[in-house]
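> Sharing a structure with you now.
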């Protein structure tokens, strides 16, 4: 399928050709290593039969797929919204780019609901908080979002304007079927999950306030996690969906009115770029879940940097590089307290092995 030339709205792609690619480059530099680290930490949680790790692992996979598309979008914006990589790549990378928004929102919603069930109904809904259930829910999320956002794969998504710019996944004004699909995305893909997250947060607050056995620090940690999930969706995705809803509603009312499209063109591109910050915010969830997670991640990164800078990488490779996930930190600290009473003093060559009694860990 070739490019289609159309007499569309007069949008100046030169006004915002620096901000989106600059933000995307930042997301690549920060989001790629942190999501790789988050993926590894989530995998460790799955190994410990923790259902939360399944959702976090899927969230990291979605973010990494999204980050892999960003270099082409950097090139697209630096060329003033001119796609030079052909229609096939436009469809594939555009599909991944836009679908990731709703996959990320869905998994953030899953995490929020899972935390609500864990805090408010730990025994009643225990079966819903198993790894098998989380895998099934994740499969449904992927299948639903991929199917719901697959319509662009069956339409031409390259459009050449009067200035010989080839737009990918963009048309000003939009087409009718795109406007209706955008309404579905706004209400079902964005507002519905966000409403569930707000209800989950409200339920978590009620359960935490009514709990006598939960420590104050633990209550603060639970509230912080639930609030951070809502904040990520609000900050990263709300501006984009406000403009998306406005553009779609105005098009359905006045299909060939280009005035609004031309006024919000730059703001729309900026809001779309802001959605990429989700890939940076998601790994921060680990630090918000547990106070010790920040030091654990920093320690792992420090050891990794030492490994890369070391003259003896093999020695560093043999070193133990561990990272306590938020849900295992307490378990590991208890194990250390039990085993910390005894420690072996490393013997010199030819010496007898001596055992040294150490005081219990505090």
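A Cβ is built for glycine as well, from the same backbone N, Cα and C atoms used for every other residue.
Owing to the predicted nature of the structure, the values given are computational and were not obtained by experimental measurement.
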> Can residue 83 and residue 260 be said to be on one side of the membrane, going by the domain names in Swiss-Prot?
yes
> Give the range, chosen from 173-210, 325-362, that Swiss-Prot lists as transmembrane segment.
173-210
> For which of 164, 318 does Swiss-Prot record the feature N-linked glycosylation site?
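Per Swiss-Prot, the residue annotated as N-linked glycosylation site is 164.
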> Which residues does residue 168 (disulfide bond) neighbour through Cβ under 8 Å, counting only same-chain ones at least six apart?
76, 83, 90, 94, 157, 158
> Which one is it: of the recorded positions 9, 145, 155, 258, whose Cα lies the shortest distance from the Cα of residue 165 (site 'Proton sensing')?
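Of the recorded positions 9, 145, 155, 258, 9 has its Cα closest to that of residue 165 (site 'Proton sensing').
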> For the transmembrane segment (130-156), which partner among 9-45, 86-121, 173-210, 215-250 gives the most CB pairs under 8 Å?
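Top-ranked stretch among 9-45, 86-121, 173-210, 215-250: 86-121.
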> Should residue 9 (disulfide bond) be counted as helix, strand, or coil on the basis of DSSP?
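DSSP call for residue 9 (disulfide bond): coil, neither helix nor strand.
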